[in-house]
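Per TrEMBL, the features are as follows:
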type	residues	note
TRANSMEM	7-37	transmembrane segment
TRANSMEM	57-76	transmembrane segment
TRANSMEM	88-112	transmembrane segment
TRANSMEM	118-137	transmembrane segment
TRANSMEM	241-260	transmembrane segment
TRANSMEM	280-299	transmembrane segment
TRANSMEM	320-335	transmembrane segment
TRANSMEM	341-361	transmembrane segment
TRANSMEM	382-402	transmembrane segment
TRANSMEM	422-442	transmembrane segment
TRANSMEM	454-474	transmembrane segment
TRANSMEM	486-513	transmembrane segment
Amino acid sequence: PVLVESLLVFIIVLSVHAVVWDRFSWCAVALAVQAFYVQFKWDRLLQLGRAVFQFRGAANSGLLPASMVIPLLGVVMKERCRAAGIVYFERFGIVVASTGMLLALFLSVLAVGITKPVPTNTCILTGIAGSVIIYTMKHSLTVSEVIEVLEVLLIFVYLSMILLYLLPRCFTPGEALLVLGGVSFVLNQLIKRSLNVVKGRGDPIDFFLLVAVVGVVLLGLFFTVLFLFMDSGTWISSMFFHMMTAVLGLGVIMPWLYHLIQRNPLFWLLQFLFQTQTRIYLLVYWTLLAASACGVVFYQNAKRSSESKKHQASTITRKYFHFIVVATYVPGLIYDRQLLYVAAVLCLAVFIFLEYIRYFRIKPFGQTLRHLLSLFLDERDSGPLILTHIYLLLGMSLPVWLFPRSCAPKGTLPGAGALVPYSGVLAVGVGDTIASVFGSTMGEIKWPGTKKTFEGTMTAIFAQIIAVALILIFDSSVNLNSSYAWILASVSLVSLLEAYTTQIDNLLLPLYLQIMLMA
């Protein structure tokens, strides 16, 4: 399975390289080759328990698929913005690609350094790939851009040491690279923009995303360190938690956001949410869907208490939430993407805050959340945190958040790029859901070395093609310009990757589909 997963990633890398064909795509190929070899060193370290930190079990390291996501995103973003003539975001894409390559190299060097005996061939490959990448960066980046890349690396190193120690068994090395690398980049962007804020410049919704992500991460770090020295389950600790949340929110996060957008954040948010009649209809519709999701949770828990304490939600029951998310995102993508952008940020902040309440057992709802959510656990929730629902939200939202709006003057990219905001809906909402439901109920022919079935994968590909046809019918802004063969190839590759990867597919698949569609 690891070899097939690696082969699929290589095909995606080479496909992007064939389209872009510049020095950065060559660097991506070099990075993929060395990550392939280093991945086996990480897998060996995980098997022997010598990987410094405790990583998630029942999965390989995932270094190769995770290493290529950020660099390829940067490369395709650079290419799209260069074609649109937007120099600022072309340079931004170069910084993203360089940062992703340097973070991946750091993880590779770490694995090689703690492997005993020292793997000579892998060291040589890592040295060659690192030399090519650093040489390219030296001749492509300005001094300020080099400093920015190194700042992100420094934040990533410290954040990794803190979070991987405090949260054992929550990530594989690849997932840690993706999640913590993304948070490090967001934190650096927020600091940079806070220091260089210019009145009237910048989109408030972009600042809203940056502040929300950094705010909830800093809140979690603060309480994690605090509750190392006191019992979080008492009423006094719970009152302190709520009080400090209000203090940090109103005393730090709100003023920070006010400094960036130059207006009252709460008034801006209320005005934004209720600006048009369409937004009010969407908010009411989403509220009803959220209530139905809560109803499913309560119904399944009532069913568990009446049947057996060992009752666990079935695959079909868990995928019901995928259908709800698809029903949530599709109208937002068609009618108001900016509202969907902001609503997804708010939802992410709420999800993470509720996870803090569950994890720290904050009264009065902490123990109740633990009981309610334990029904929906699977083998990927082996650590102290429950992250699968947050990964589902991220997988659906990242294509919306990462869509290069400034490089799409008419609000959409030409050709297959028009489907980029729908990457999460197609890969996770439709493909992964249909593959799981049909594979678990009717699948008989298993892919070699996996539990996934041939029938599930083929049905997922077919379902995504139907979904693309429906998008063409209902979303008039989408014009594929006869790029159907590329879309079919992209959907097929990502569906096969879903069958073979042991990483969090909710996070990985939408990003790879977005890369292919943007390329």
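In case you wondered, yes, glycine gets a Cβ from its N, Cα and C as well.
Unlike curated records, TrEMBL annotations are generated automatically.
Only pairs six or more apart in sequence are counted, and the transmembrane segment (422-442) with the transmembrane segment (241-260) gives fewer than three Cβ pairs under 8 Å, not enough to call it a contact. Only pairs six or more apart in sequence are counted, and the transmembrane segment (118-137) with the transmembrane segment (7-37) gives three or more Cβ pairs under 8 Å, enough to call it a contact.
Counting same-chain residues at least six beyond the ends of the transmembrane segment (341-361), those with a Cβ under 8 angstroms from any Cβ of the stretch are 205, 208-209, 212-213, 215-216, 219-220, 223, 227, 232-233, 237, 241, 245, 269, 272-273, 283, 286, 332, 367, 369-370, 373, 384-387, 389-390, 393-394, 396-397, 400-401. Beyond the ends of the transmembrane segment (57-76), by six or more residues, the same chain brings 2, 5-6, 9, 12-13, 16, 20, 24-25, 27-28, 31-32, 35-36, 38-39, 42-43, 45-46, 93-101, 103-104, 107-108, 111, 169, 172-175, 177-178, 181-182, 185, 379-380, 382, 402, 497, 501-503, 508, 511-512, 514-515, 518-519 to within a C-beta distance below 8 angstroms of the stretch. Sequence-distant neighbours of the transmembrane segment (88-112) (same chain, 6+ residues past either end, Cβ-Cβ under 8 Å): 24, 27-28, 31, 34-35, 38, 41-42, 45, 52, 63, 66-82, 118-119, 122-123, 126, 129-130, 133, 137, 140-141, 145, 148-150, 152-153, 156-157, 173, 177, 181, 184-185, 404, 406-407. Counting Cβ pairs under 8 Å to the transmembrane segment (7-37), the stretch among 382-402, 454-474, 486-513 with the most such contacts is 486-513.
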